[in-house]
Amino acid sequence: MKISVIGTGYVGLVTGTCLAETGNDVVCVDIDELKVKRMQEGEVPIYEPHLDVLFERNINAGRLTFTTSLAEGLEHGEIVFLALPTPEDEDGSADLKYVLGVADEIGKLITDYRVIVDKSTVPVGTSDKVREAIAKNAKCDFDVVSNPEFLREGFAVDDFLKPERIVVGSSSPRATELMEKLYKPFVRSGNPVIIMDERSAELTKYAANSFLATKITFMNEIANFCELVGADVDKVRIGMGTDSRIGKRFLFPGIGYGGSCFPKDVKALHKSGKDSGYDFQILESVIDVNQKQKTALIPKIRKYFGDDLKGKKIGLWGLAFKPETDDIREAPALYIIEELLAAGAEVTAFDPEAMENVKRKLGDAIAFAPGMYGAVEDMDALVICTEWSVFRNPNFSMVKDLLKAPVVFDGRNLYDVEEMKSRGFHYESIGRG
Ligand code: UDX
């Protein structure tokens with residue numbers, strides 16, 4: 001099938017590449033000329049495992065091309081995905097200026113039937129707005145459908161190629177048929193393409209992400225309470241999670257959720273509720289608790305060293321908001337660094353992928369170590385913010401020897417508490433005594 005993808009951010013790029021991988025002829029459109037030029041030369045502009053291989057293969061096969069011309073994109077694709085940014089407005093709602101701006105142009109440019117697919121995470125009712133914006137100028141038939149993505153950073157290629165489910169909001173049989181044909185190769189295992197109305201599809205995305213954020217936040221509160229009453233959250237987690245109604249996943253406590261989706265989506269759903277006269281109290285608490293949780297290690301560090309951290313050298317492992325990504329948006333590490341610096345500490349950090357992004361944001365406010373052990377050498381303590389696999393089983397005796405004193409604050413519960421004690425560490429984590 002002939003497909004176009006407007007916007008080559010994270011979602012657009014993964015969508016375009018994976019659709020090309022299944023034999024479609026894909027044109028990706030972006031207004032950023034430099035980025036388009038680089039992609040034409042085969043450079044993947046984001047870090048995402050396995051994307052580079054698929055990217056190169058499909059460019060070489062001529063199934064994946066790039067242009068800055070929206071007209072060209074609309075001429076090419078019978079199905080046109082909108083994967084445009086929906087940044088958070090000052091009041092927490094999703095800003096639709098990019099989506100509606102392109103929708104305006106689409107109406108002027110299409111000359112033949114097109115299915116316009118909202119792939120961006122957009123508030124309930126956006127598909128109606130997009131339809132209206134296109135209809136103002138359109139001289140031919142078109143349909144607008146909602147098709148939210150459920151891609152996890154670090155696993156996006158796998159999530160796209162082997163989805164648990166695909167949600168399509170469509171009230172047009174013609175568009176539904178095309179979408180089902182497009183997605184057929186992805187659901188051969190029997191996983192469903194769930195067809196519903198556009199508004200329900202739009203809300204499904206917000207509801208799923210807000211539920212997962214709530215699940216994590218609930219567990220973070222249980223962890224905080226465990227510390228007060230001397231319970232072990234790891235045991236509670238396993239005890240709870242084996243109930244199939246609860247499930248084992250997304251129950252891991254830590255220093256809060258971050259990234260480009262959960263924080264933005266929870267806030268946007270809360271704001272949408274407000275706009276419609278509904279007070280999502282549970283989401284308000286999730287937002288507040290998560291914000292506090294990001295710096296949950298700070299009181300522990302202060303209790304150990306005292307409030308004044310002047311002259312203290314703190315090593316930090318992990319800057320990305322989670323492993324397998326270089327994304328630092330809403331990363332807990334940034335909030336921890338801010339507090340550590342404000343208290344007078346010096347910070348030296350290591351992350352396998354995210355150091356460049358942090359360097360760009362913080363300049364030389366902190367130092368960066370070329371390897372993980374460099375962020376330990378001569379430090380008063382080690383603080384762990386992201387659970388990268390390389391941190392899971394370090395050379396403990398080397399860590400102990402390199403640190404000035406064997407002190408570890410772990411925001412991701414990577415190690416066994418008793419083992420750390422027997423190795424001679426002062427070890428503090430989340431919700432485990
Ligand atoms: C999420 C959704 O999973 C995905 O379906 C959606 O489309 C986009 O948002 P992503 O933000 O890439 O994906 O990361 P995810 O792996 O879901 O983790 C989100 C955050 O929750 C991370 O900060 C992670 O550290 C945190 N988390 C996750 C926990 O703190 N505990 C857990 O048990 C799971």
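Yeah, the Cβs are placed from backbone N, Cα and C, and that goes for glycine too.
Curation does not apply to TrEMBL; its annotations are automatic.
Now, the feature entries from TrEMBL:
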type: BINDING; residues: ASP30, LYS35, THR86, THR121, GLU153, LYS264, ARG329; note: NAD(+) binding site
type: BINDING; residues: PHE150, LEU151, ARG152, GLU153, LYS205, PHE250, LEU251, PHE252, PRO253, GLY254, GLY258, LYS322; note: substrate binding site
type: ACT_SITE; residues: CYS261; note: active site, nucleophile
type: DOMAIN; residues: 315-417; note: domain 'UDP-glucose/GDP-mannose dehydrogenase C-terminal'
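Features recorded in TrEMBL, as mapped to the structure shown.
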| residue | record | DSSP class |
| --- | --- | --- |
| ASP30 | NAD(+) binding site | coil |
| THR86 | NAD(+) binding site | coil |
| THR121 | NAD(+) binding site | coil |
| PHE150 | substrate binding site | coil |
| LYS205 | substrate binding site | helix |
| LEU251 | substrate binding site | coil |
| GLY258 | substrate binding site | coil |
| LYS264 | NAD(+) binding site | helix |
Cβ-Cβ distance under 8 Å to PRO253 (substrate binding site), same chain, at least six residues away: ILE216, MET219, ASN220, ILE222, ALA223, VAL233, ARG237, ASN413, ILE430, GLY431
Recorded positions: LEU251, CYS261 - member with fewest neighbouring CB atoms within 10 Å: LEU251
NAD(+) site span - longest C-alpha distance across ASP30, LYS35, THR86, THR121, GLU153, LYS264, ARG329, in Å: 25
Cβ under 6 Å from ligand 1: qualifying binding-site residues of ASP30, THR86, THR121, LYS205, PRO253, ARG329: none
When distances run from the Cα of ASP30 (NAD(+) binding site) to each of the binding-site residues ARG152, LYS205, LEU251, GLY258, the nearest one: ARG152
Cα proximity to ARG329 (NAD(+) binding site), best match among binding-site residues PHE150, LEU251, GLY258: GLY258
THR121 (NAD(+) binding site) as reference: those recorded positions from ARG152, LYS205, GLY258, CYS261 with C-alpha within 10 Å of it: LYS205, CYS261
When distances run from the Cα of GLY258 (substrate binding site) to each of the binding-site residues LYS35, THR86, GLU153, LYS264, the nearest one: LYS264
Length of the line joining the Cα atoms of LYS264 (NAD(+) binding site) and ARG152 (substrate binding site), in Å: 15
Residues of the domain 'UDP-glucose/GDP-mannose dehydrogenase C-terminal' (315-417) by DSSP state, where helix covers H, G and I: 34 helix, 18 strand, 51 coil
THR86 (NAD(+) binding site) and CYS261 (active site, nucleophile), distance between Cα atoms, whole Å: 11
ARG152 (substrate binding site) to THR86 (NAD(+) binding site) - Cα separation in whole Å: 17
THR86 (NAD(+) binding site) versus PHE150 (substrate binding site) - Cα distance in angstrom: 16
Count of other CB atoms lying within 10 Å of the CB belonging to LYS35 (NAD(+) binding site): 16
Rounded inter-Cα distance in Å - THR86 (NAD(+) binding site), LYS205 (substrate binding site): 14
